[in-house]
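Asker: Got a structure for you, written out below as structure tokens; questions coming shortly.
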Amino acid sequence: MIDNTLITKPQYIAHSMDKLSDIISKMKENKMWTVPVIKDRKLLGLISYKDLLSRRVSLETKAINVMNPSVTVQIDEDINRLIAKFYTTKARVIPVVNEKKEFIGFVTRETLLSYLLKADEIPENKTAREYMTSPATTIDENDSIARARWVMIRDNISRLPATKEYRLTGIISARDIVDALYSVSGRKRESIMKDEERVMAMPVKEIMKYPVITANGKEPLTDVVEKLLKFRISGMPVMEGDRLSGVISGLDIIKAVAEKMQLSIPIEAKIPQELKSNLDFKANIDDILERYLSKIERLTEVINFKVSFKEEMRSSVGNKKLYTAMVRVTTKIGDYVAKDTDWEPIVALKNAVEKIEERILRKLRKIEESNKKGIKAEEA
């Protein structure tokens, strides 16, 4: 059962018909990254800064039309399952529900890291250098905010170290960009659009934060966690002297704990021996599986994720081989199977997984439309 010390009650809860303008105002006021959308104590979805970064919608838009579905944990799930869910979904928060699917509260990365630190579960002999993401994705401080937004969406990240002549000068987050974009209100649409264009054209240095809180490469993970919790940040650049060598986040620490505890991730891959011996292929497939498992687990709970490859034929030219990738995913809302064939097995796998992702999204849209009709009927 999830320890009560892990669960936090959000300072603000949105309702299905609340306006986005009011929600963003409360997010800023309460310094919340994610807001739950609730109806009759049931969780409908979440609204986060990361979601708002990827699409621009009117401040008059209702919560039910902006929110995204969320993976949840049951109050009676054990800590290992909770850690695995954070690792696979890369979520900032995971809602906790009871047996009636009623919303109880959040487990955040911060509360989980604090719990793991107190329980001595953070590997003491590991350093920031071993778990950081390197090289760091950066942006020049003179680049536009529009480019920073594009890079964040492209790389699925929420912060970017800003540099000048390769030296760290600041950091910009999804929150900084969204707050700048949605600061306009009470104006005519033409004025708002011009203001948006002005904001997106501004250089990063206009809204970036500085000085930057950093870690050094040899810093123990326990010290990194203490720093993240002390300054209430989700991640920070890692320095080797004056050189920016990477970025480390709370998620990287959770990955270290998952490895230490040897937690099982619901992925099973059957790969032909010839492909197994190809190190580049192995690295690419691990990246694709982790990325898409994360995306799907954000949509619904994944129980099983199986991948297999089959050689279909050999080309008479260049000894190329045609492969079929088969993907089977068992989720909380149903079972999905898809396959694709290509001369490049990685391409076949990517296409097959994207087919499943699209089918799951279609199913969730139908569920969402059904919920919306029910809500509108009740309010009519």
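Each Cβ is built from the backbone N, Cα and C atoms, and glycine gets one as well.
Nobody curates TrEMBL annotations by hand; they come from automatic prediction.
I grabbed these lines from TrEMBL:
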type	residues	note
DOMAIN	6-64	domain 'CBS'
DOMAIN	66-124	domain 'CBS'
DOMAIN	132-189	domain 'CBS'
DOMAIN	208-263	domain 'CBS'
COILED	346-373	coiled coil
Asker: State the residues, same chain only, that lie 6 or more residues beyond the ends of the coiled coil (346-373) and have a CB under 8 A from a CB inside it; answer 'none' if no residue qualifies.
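Answerer: Residues 44, 64, 69, 281, 284-285, 288, 292, 295-296, 299-300, 307, 309, 323-327, 329, 331, 333-334, 336-340.
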Asker: Take every residue in the domain 'CBS' (6-64), average their pLDDT values, and give the whole-number result.
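Answerer: When the pLDDT values over the domain 'CBS' (6-64) are averaged, the result is 90.
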